[in-house]
Amino acid sequence: MGSRRHKNKQGAPPTLDEFQAKKDKKLNKIKQKSKRATPIEDKREKVSVKKQKKNHKEVVKTTESDEVAGEEQSEEELSKETKTLFDDSDDDEEANPEDLKDEFDLEQEYDYEEDAEQPTTAMFSDDDDEGDLEDLNAENMEAFSKQLDEEEAEEAEEAERELVETDIMQPRADVLPSERELELMADQPPNLTAVRTRILEIVKVLEDFRNLAAEGRSRTEYVDRLLLDICDYFGYSPFLAEKLFNLFSPAEALEFFEANEIARPITIRTNTLRTRRRDLAQALVNKGVNLQPIGTWTKVGLQIFDSQVPIGATSEYLAGQYILQAASSFLPVVALDPQLNERVLDMAAAPGGKTTYISALMKNTGCVFANDANKARTKSLIANIHRLGCTNTIVCNYDAREFPKVIGGFDRILLDAPCSGTGVIGKDQSVKVSRTEKDFIQIPHLQKQLLLSAIDSVDANSKTGGFIVYSTCSVAVEEDEAVVDYALRKRPNVRLVDTGLAIGKEGFTSFRGKKFHPSVKLTRRYYPHTYNVDGFYVAKFQKIAPSRHDDNQASAREKEAAARDEALEEGIIKDDFAEFDDQEDKQYIEKSKKTILQKKGLNPKGKK
Ligand SMILES: C[S@@+](CC[C@H](N)C(=O)[O-])C[C@H]1O[C@@H](n2cnc3c(N)ncnc32)[C@H](O)[C@@H]1O
């Protein structure tokens, strides 16, 4: 657990010395390789290290993106990078170099001697590594690093090949418990250490079933045991364990379950209506806060490592200079990309993390409607809007399915939908057991209705926009791709467009036999084990023509009829649902009118 915690922290970019030491170590390893035959245990270790590396590749890519960038870039690119790392906006005035002379002065950390004489091309030969090291400089570093990585990969592959060959020749022990063992296990509380070992072993078998499975055992037997062990070890309900397991390969599923055991790092978003990130960072550092930029994909996010002051009660916090916000929460707003002077609707806005970001990106121009169906939650929404100084915002309290009847014609709409929360288990462990099959029917149903309503509320003729962003903090396909695919089928006047997000995995275009529209690939998935952010999903639509169902296009009756047809089609209501009999209704209406007048002491017959 400790090592994973460490992995979840973003490290500072390496100094040249650190970088070189790392490369020296790699080089020595390669040299030693030719001098000794690799014993089998050693190979096992290498193979598992290689596998771990492969599994964590994405984490390394993102959580250490600055490091990798630092390693792989030329000196010139590096200095550019360090200059832009804390750039809060494209049109920021030039920073005074003195302002940056703190621990965020990455230029200082990367500061190394120039050697303009060095050739820029790769200059390595297999037989003279020492000489190569001496000649290491910023220009050839990338090629050198690449060569070493290739050699290391080759070495690990060779070790794996040999290991597989050896395993094939040796009889394999069955990692699944025997019937006798199962009987014994049934009477005792689970031995978690043994369960964990078995989880790792089963995953290994499933990853290379042909070579590692015991004779006569089926894949299903291994999967079933693994799911039981996951429930015992991590505390999931069998239903949810299976649902989440099915999203990944067995090894990646394990990574996901493990990542859910820890909360994501604390992150804050700079409120650019009040300050700049570099000023905020400086102020917080002066108070004993240890922080770093979240990553190159955001110019406003800061990750907090530790702090001597409560982050939710500093004077900067009270002055609205930042908001505590999960990094994944920035993504839908970045995808929405609101423009100055637009009319934007945040359909499910409380407590306002995204609303206030939208407002900041619009520099308090135009108008942001911040709606939430839950009146109690609008209190925190209003409080955040005030604290962060958003003056272009109107708060409303409707069931968002009523839009666009309430108001339509928006340039952009964000639907950060209510969801099952399977992406935020690290934060809310109760999700592991509280979610049932019913949730994955009812919640997607609401999400579909909300999304259609969002589509119908956007102005297809908007000069600057016409976009809808749909997001959830769930990784369940029913709440993500399936909802998006439904909307594409029901509203042919929208299409999916690129989210514009620099990170994220492609949405599924098929899942367990279900095929989705090929463009669903444009949507983006986020997982705690790959990007060290909460599990999240983002899709961006563009409305290319008015909907048949837009309020200004169809009368209320037509709309109701269309909604009814849809509900019938989806099996939400039955065809034999009672029709209204207007004649019969008339009698009751008249009777009720009479009663009301009598109660008021008036004569019903005397009133026309
Ligand atoms: C995921 S949260 C929104 C978080 C918010 N966007 C933020 O960034 O702070 C989902 C919200 O949807 C609201 N909600 C649920 N059903 C709704 C509906 N039918 N119409 C509008 N809002 C709804 C909930 O009250 C909840 O505040």
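All positions are counted from 1 along the displayed chain.
The backbone N, Cα and C atoms fix where each Cβ goes, and this holds for glycine too.
Take the S-adenosyl-L-methionine site that TrEMBL assigns to Ala348, Ala349, Ala350, Pro351, Gly352, Gly353, Lys354, Asp372, Asp416: the candidate from Asp399, Asp428 listed for it is Asp399. Per-site Cβ counts within 10 Å over the binding-site residues Ala348, Ala350 peak at Ala350. Under the three-state DSSP scheme, Lys354 (S-adenosyl-L-methionine binding site) falls in the helix class. In three-state terms derived from DSSP, Asp399 (S-adenosyl-L-methionine binding site) belongs to neither a helical nor a strand segment and is classed as coil. Mean per-residue pLDDT, taken over the domain 'SAM-dependent MTase RsmB/NOP-type' (256-544), amounts to 97. Around Lys354 (S-adenosyl-L-methionine binding site), the same-chain residues six or more apart in sequence whose CB sits under 8 Å from its CB are Ser329, Pro332, Val333, Asp346, Leu414, Asp416, listed in sequence order. Maximum C-alpha to C-alpha distance over the listed S-adenosyl-L-methionine-binding residues Ala348, Ala349, Ala350, Pro351, Gly352, Gly353, Lys354, Asp372, Asp399, Asp416 is 19 Å.
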